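Asker: Found this in Swiss-Prot, in case it helps:
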- 52, 53, 54, 55, 105, 110, 111, 112, 116: substrate binding site (BINDING)
- 53: active site, nucleophile (ACT_SITE)
- 95: site 'Important for activity' (SITE)
- 184, 185, 186, 187, 188, 189: NADP(+) binding site (BINDING)
């Protein structure tokens with residue numbers, strides 16, 4: 001990674017922009033594999049991937065926007081793919097804040113996205129994909145998400161897909177004294193199990209690839225619950241009245257044949273890719289619902305949270321401007337640091353020349369005399385650059401990068417790696433939306 005402040009480019013595919021098939025096609029085999037693919041692209045300095053059951057998002061930091069888009073496409077995140085939305089620097093940053101606040105979730109204000117963001121950040125950090133640009137962006141996003149939930153009512157009521165799935169099932173069948181099966185013992189499965197318990201189902205079977213996690217979830221609920229394996233769960237469907245699936249499996253975990261004798265059963269598949277194989281809904285009495293069918297439940301939640309959402313929107317804009325200011329200050333500081341480095345190199349040469357001349361005329365200088373010469377040179381550099389430093393910071397705050405470019409030409413700093421912004425455009429590379 002270089003010392004320059006780069007540009008964020010992003011691409012997203014979500015429940016709002018794509019069909020479930022398009023979402024499945026955009027999903028990577030794993031977050032780690034996606035990060036590796038992005039970081040293998042030559043221009044990529046940083047990378048971040050967020051992949052949940054209803055969204056796939058990838059972000060990279062590169063020297064310019066065009067390089068970022070090419071890198072995303074080269075790693076399999078095609079900005080022109082089905083349902084994909086390409087994002088420039090500011091759009092990417094604002095979108096991350098909206099995601100963390102829960103405004104982009106299927107269930108507005110849901111809490112699980114914060115944990116998913118933290119996990120994605122940790123994965124990116126472990127892969128070597130996080131430096132100061134994405135660190136500041138994701139940290140700011142999580143800060144906004146926490147503020148939104150503590151300072152507004154954005155997460156009141158049904159606050160997860162797991163809860164929404166149970167609400168949908170409740171509209172389709174009687175849950176009191178029903179027999180429920182939850183497939184997947186992750187956070188979403190646990191929330192679905194708790195929601196079933198609150199709906200006073202008679203019993204819950206919790207299935208997971210690793211039974212120990214299923215046991216932990218079974219111990220959390222207030223109704224009779226049994227933990228089992230995924231393989232065993234297929235034989236429990238005949239007795240089930242309602243099934244919610246939420247695994248992270250890349251393949252179907254419940255074949256259509258498992259529902260052949262299930263009879264009247266409501267199935268809500270929250271997974272992406274789907275847990276339930278196509279054709280399951282063709283059996284008599286079996287009704288399979290997916291993420292698209294949650295709209296009726298989530299729309300009601302969205303309406304109840306409209307006032308809170310407006311408060312969060314205002315909060316996001318304030319924090320977004322603060323984030324941009326952080327980046328602008330960072331870019332200005334990079335230019336200023338290089339200017340001082342250039343001045344220090346010049347100062348060192350001139351001090352050495354002056355000392356040699358003085359010693360040639362008067363003999364060796366004492367340590368105190370040498371210190372006087374060096375202190376005078378330091379003071380001159382500091383005083384001469386104080387006003388330009390303030391002007392450069394003011395110019396950065398106003399996005400006046402042409403002024404900074406002019407100042408650089410006047411001071412002629414000896415940049416070895418180029419400018420940390422695109423001076424040829426007369427503007428900040430981070431806000432430039434260059435075309436391929």
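Backbone N, Cα and C atoms are what each Cβ position is placed from, and that goes for glycine too.
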Asker: How long is the line from the C-alpha of residue 186 (NADP(+) binding site) to the C-alpha of residue 116 (substrate binding site), rounded to the nearest angstrom?
Answerer: 12
Asker: Given the binding-site residues 52, 116, which one has the fewest other C-beta atoms within 10 angstroms of its C-beta?
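Answerer: Looking at the binding-site residues 52, 116, the Cβ with the fewest others within 10 Å is that of 116.
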Asker: Cα distance, residue 53 (active site, nucleophile) to residue 105 (substrate binding site), nearest Å?
Answerer: 11
Asker: Mind giving me a neighbour count for residue 186 (NADP(+) binding site)? Other Cβ atoms within 10 Å of its Cβ, every protein chain shown.
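Answerer: Other Cβ atoms within 10 Å of residue 186 (NADP(+) binding site): 15.
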Asker: With the NADP(+) site defined by 184, 185, 186, 187, 188, 189, which remaining residues of that chain have Cβ atoms positioned within 8 Å of the Cβ centroid?
Answerer: 162, 182, 190, 191, 192, 208, 217, 246, 247
Asker: Where does residue 52 (substrate binding site) sit in the DSSP three-state scheme?
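Answerer: Note: residue 52 (substrate binding site) is in a strand by DSSP.
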Asker: I'm trying to understand the geometry here, so how far is the Cα atom of residue 53 (active site, nucleophile) from the Cα atom of residue 189 (NADP(+) binding site), in Å to the nearest whole number?
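Answerer: Rounded to the nearest whole number, the Cα-Cα distance is 12 Å.
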Asker: Quick one: which residues besides 52, 53, 54, 55, 105, 110, 111, 112, 116 have a Cβ within 8 Å of the substrate site's Cβ centroid, in sequence order?
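Answerer: Here the nearby residues are 106, 107, 113, 161.
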Asker: Counting only residues 6+ apart in the same chain, whose Cβ is under 8 Å from the Cβ of residue 54 (substrate binding site)?
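Answerer: Same-chain residues close to residue 54 (substrate binding site) (Cβ under 8 Å, separated by 6 or more) are 14, 15, 23, 105, 106, 161, 272, 291.
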Asker: Which number gives the other C-beta atoms within 10 angstroms of the C-beta of residue 105 (substrate binding site), all protein chains shown included?
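Answerer: Result for residue 105 (substrate binding site): 26 neighbouring Cβ atoms inside 10 Å.
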Asker: Using Cα coordinates, what distance in whole Å links residue 52 (substrate binding site) and residue 189 (NADP(+) binding site)?
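Answerer: Pair distance, Cα basis, whole Å: 14 Å.
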Asker: These are the binding-site residues: 184, 189. Which one scores highest on other Cβ atoms within 10 Å?
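Answerer: The residue with the densest Cβ neighbourhood is 184.
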